[in-house]
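Student: Pasting a structure below so you can have a look.
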Amino acid sequence: VEACVGEMGVSRTLITLTIITSLSGFLNGYDSIMIAACMIFIREELKLTTMWHQVIVGTINMTGVVVVLLTGQVTERVGRWKVIVASSVFFVVASVTLASAGSITQLIVARVFFGVSLGIATMIVPVYISESSPTAVRGRIAIVFNLMYAVGQLIASLVGGAFSTVPHGWRQPSRPHTVHWPILPAGESPLALLSGKGGLFMIFKSVPVRRALLIGTLLHIAQPLTGCFAILNYSATIITMTGVADKNNALWFMAAIISGSAFGFIVNEGLVERLGRRPLVLASLMGIIIAFIIVGITFQMAYLHSPTVQAPSGDPECLANTCGECTSKKECGFCYKGAVGSEHDTSCMAADPHSYFQVSVAGSCSNATLIDAGVETFAYDWCPYRYSWIILIGLSFFFFVYYLGLVTPHTHDEGLVTAFFTWARSTSVSLVVTINWLINFAVITSFLTLTETIFKYGVFYLLMGINFMFLAVFYFLLPETSGISLEDMEKLFNKPIGTVNARSSSRVDPN
């Protein structure tokens, strides 16, 4: 342990370890957004249905569930360092497979490999960093992984925009290879060398560990149920739902929106040691509720105040009075001339699936030349609304507040990972991260379907209600873990849950 702690609490070895290991965060953040950018092109090139769109995106989460279940046991046998190296190898294979994919099967195989890599990194890397860090700086060092994750997302969105005008350009951003693992210090973190093994029976038998496990599980349930990962994975698609028809513009808007996550990290870094983890988590949830109110109301206004349909449709399935009614039918789109706010010659027409709904099967909007020239506009899955830009502001604010508090050391360090005592760490982390990935899979593979069944505004109202529920739960149950050593975690969680939710009362007396 002394090798990792220098005179100022951090040695050169620890700094090098943190920087190099956190590159895994960058690569996995890069992939989470790159698939969002690529899918608006892939879905048209391969003529994907909503179901296949969700399956391809969600495959990584289903794979992650299996991987996380196994990683804890494998880590105990072969060590953390070797498992992290394996994560890098799988990332390389996934990148090559995705860049050369030409079918749905190849895309799914690539996503499976990404799921293996991301599942390993998400579970092991933060633990590896935390176990090697002294208490005084553990929070700041552990958050580097999450910061690099946010930077990876931002870079991916910028790269996606840069390649958006290149033919088959979605393949090019899929080629980054990770080369940091050969210089990763070979060896286990100090605490891992002292680690014992604890099964589920021992974990549930121990009162403090059982309580820590409950809090950690709730945090990992809250993360996917905020909708963050689904919104990230479908960010470019959601932007097109606001009326940004040009894919190149959609990707640049996505980059601007996702930049909010990086700002959230910057603010978090300045406040986390001053305010503590608990206030930031509560503030994050409150901000998410506000963001979803903004997005939900704007989507609803776009539906309620959508332009009227002037010309009757020749297709009985596309009979509608307004654009909102028209575009809520997955087979139909809204055809109109003029600018937003002054639409005329409007009609509801059956969309052509062979062009991935970019034109109608009949009428003036069936002419792609007129649409490309801007003479006609065919709105599929969106309606012209002059205030749609408010949705983009709401989403940007959402990413800011989410990364302000819900992705902090509270969820990847003291409050979840290292709160599980040395002997129980691997099994506990494996359990809660598995739950996280399983819920993520459910949310991601149902998100687009929900926008079709309860409308886009209904989805965001639903997410708002879920976040309000978690705000109430964490207000009463979430303890403050800032500044508490691993050794004092047992004393903290020996107290009944709900009695240590104030910052002042959660400073455990080490004696």
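Residue positions begin at 1 at the first shown residue.
Just so you know, glycine gets a Cβ as well, placed from its N, Cα and C.
Source: prediction; values computed, not measured.
Below are the features listed in TrEMBL for this protein:
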| type | residues | note |
| --- | --- | --- |
| DOMAIN | 17-482 | domain 'Major facilitator superfamily (MFS) profile' |
| TRANSMEM | 51-71 | transmembrane segment |
| TRANSMEM | 83-102 | transmembrane segment |
| TRANSMEM | 108-129 | transmembrane segment |
| TRANSMEM | 141-163 | transmembrane segment |
| TRANSMEM | 183-204 | transmembrane segment |
| TRANSMEM | 250-268 | transmembrane segment |
| TRANSMEM | 280-303 | transmembrane segment |
| TRANSMEM | 387-407 | transmembrane segment |
| TRANSMEM | 428-448 | transmembrane segment |
| TRANSMEM | 454-478 | transmembrane segment |
Student: Kindly state the mean pLDDT of the domain 'Major facilitator superfamily (MFS) profile' (17-482) in the predicted structure.
Tutor: 82
Student: When each of 51-71, 83-102, 280-303, 428-448, 454-478 is checked against the transmembrane segment (387-407) for Cβ pairs under 8 Å, which one has the most?
Tutor: 280-303
Student: Under a criterion of three or more Cβ pairs within a distance under 8 Å and sequence separation of at least 6, are the transmembrane segment (51-71) and the transmembrane segment (428-448) in contact?
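Tutor: Answer yes, regions in contact.
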Student: Among 83-102, 141-163, 280-303, 428-448, 454-478, point out the range having the most Cβ pairs under 8 angstroms from the transmembrane segment (250-268).
Tutor: 141-163
